[in-house]
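Contents: one structure, followed by commentary.
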Amino acid sequence: MEILTFNNIFLFTSANAKKQVTTDAGDYMAEIMDNLLGFLPPGGVFIGGAGVAILILAFQFLNKWLHHILKLPWMQEENQRKRKQLEQNANNQQKSN
Amino acid sequence: MNQPPYRISPLEMSITLISMMLAIGILTLPRSLAEAMDSGDGWIAILVSSAIVMGFVFMIVRLQKNFPGQSLLEYVGEKGMGKWIAKLIAVLFVIYFIPFLAYEARVLTIIVRMYLLDRTPPEITLAIIVLTTTYAVSKGVQGIVHLNLMFIPFIMFVYLILIVFNIQDMNITELRPVLPMGMTSLLPSLQPTIFSFLGIELLFFWLAFMKSDHLRALPLNLGVLFVTMLYLLIVVISYTVMSVNGVKTIVFPTVGLAKEVEIVEGLIERFEPLMIVIWIMQIFNTMAIIHYLAVQTIKKDLLKTEKGMWIPAVVTFFTYYIAAIPNSIQEVFTLGDLIGYAGASLILLSLIIGYLTVWIKMRKKRNQTNTKEIAK
């Protein structure tokens, strides 16, 4: 049986390989930034995430648009309101008769 | 056309709770218990934790009876200071749900890469699963609950096969002696076990979809009992088939257990891909619920808007980003532990605030009635 231990599983490591900490005394600011934001994944992940989010938004808008243009006349709010009005008028007329 | 609002029946709620609780814990629990206890007594810890969780479920349902048809945050945030407190809890829940979703997604990518698609980049797996859960979220509570109902029989069937076909290899001596270090040795094992039962926070949000006369703790606790039995059997079988020391060295012992399965004289030898596929269906359910809860909390409790078409996409983006933060599997499990602590603290905090709000509102009502009576 293949045994998978903690030591032989490192995923995302290529993407997340930590940047070398700058030891140059002159680059003090870069070191601070690295310590503060060093845990964040590289830019590629950000772009990937943004791509997924944009894809979702695009499909949602497409779905909404298709719903809008494929609505049958009776589904439209305005027509439903008119229908209700007509029904009410007919009921009132029946009552008065 | 006006449709009546969707109501969740007790059975549906119970199954949804089972779906929410069964996630990563089922794969890792035998190992985390073996590491924490260093003996085969993990099954006792499961029973103790289950009793604690059942107590919490009872308390949540009892609290919900004070405001049927409303979620806890809606009730707390009705007026005055409560509005701000509800907003604060909502922010905490969102901060909890998004990394929780990210953690589940990340473990899924690890499992898929390890056992199914070893050459597919994890980023692709991650993107596909979050896109799928976003679609589930767009179908609302009803869609997600019905997905749970649809998937759970398959999930149970596969776990049943896993358990039944391992019984022949069991060696009960692995479970003895029982509690050699005394009852106190149970304490460190309660943490991983209780974390495996996390998911009951769902009740704070979705009990609002139940009719007031359906609000009973029994069906929900039967769901918890079901999960307990499943955990118990898997832990006992893992220890007795692979030994306690063997389990400690395997990252996902339940998958290891699936590798041991041999159905009808080797007719089906590679059972683990099937198990993983079914487990993905299960984790998809859990992720869809968490994703929906995050979106719902932002929409209803934080922004109080009906529109917010961009919210699922933003949640997905943060999920994707957070999921990629851990560098190794150790860091992934550390993230899991942090989420576990956050979840347990949030459940406690929500319960305390909920009961305090009920007490304050009841006292106000009583005072008002007294003043009216005196005025008469």
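Cβ atoms here come from the backbone N, Cα and C positions, even for glycine.
Now, the feature entries from TrEMBL:
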TRANSMEM  B:12-30  transmembrane segment
TRANSMEM  B:42-63  transmembrane segment
TRANSMEM  B:84-102  transmembrane segment
TRANSMEM  B:145-167  transmembrane segment
TRANSMEM  B:187-208  transmembrane segment
TRANSMEM  B:220-242  transmembrane segment
TRANSMEM  B:274-295  transmembrane segment
TRANSMEM  B:307-326  transmembrane segment
TRANSMEM  B:338-360  transmembrane segment
Based on Cβ pairs under 8 Å, which of the stretches B:12-30, B:42-63, B:145-167, B:220-242, B:274-295 lies most in contact with the transmembrane segment (B:338-360)?
B:42-63
For the transmembrane segment (B:42-63): best-contacting stretch of B:12-30, B:145-167, B:220-242, B:307-326, by Cβ pairs under 8 Å:
B:220-242
Take the transmembrane segment (B:220-242) and find every residue of the same chain, 6 or more past its ends, with a Cβ under 8 Å from one of its Cβ atoms.
10, 13-15, 17-18, 21-22, 25-26, 29-30, 33-34, 40, 42-43, 46-47, 50, 53-54, 57-58, 61, 159, 162-163, 166-167, 169-172, 174-175, 193, 196-197, 200, 203, 250, 253-254, 256-257, 260
Intrachain residues whose Cβ lies under 8 Å of the transmembrane segment (B:12-30), provided they are six or more past its termini:
42, 46, 103-104, 107, 111, 144-145, 148-149, 151-152, 155, 192-193, 195-200, 202-203, 206-207, 210, 219-220, 222-224, 226-227, 230-231, 234-235, 238-239, 247, 251-255, 279, 282-283, 285-286, 289-290, 333, 336
Long-range neighbours of the transmembrane segment (B:307-326), counting only residues six or more past its ends (CB under 8 A):
98-99, 101-103, 105-106, 109, 123, 126-127, 130-131, 134, 137-138, 291, 294-295, 298-299, 332, 334-335
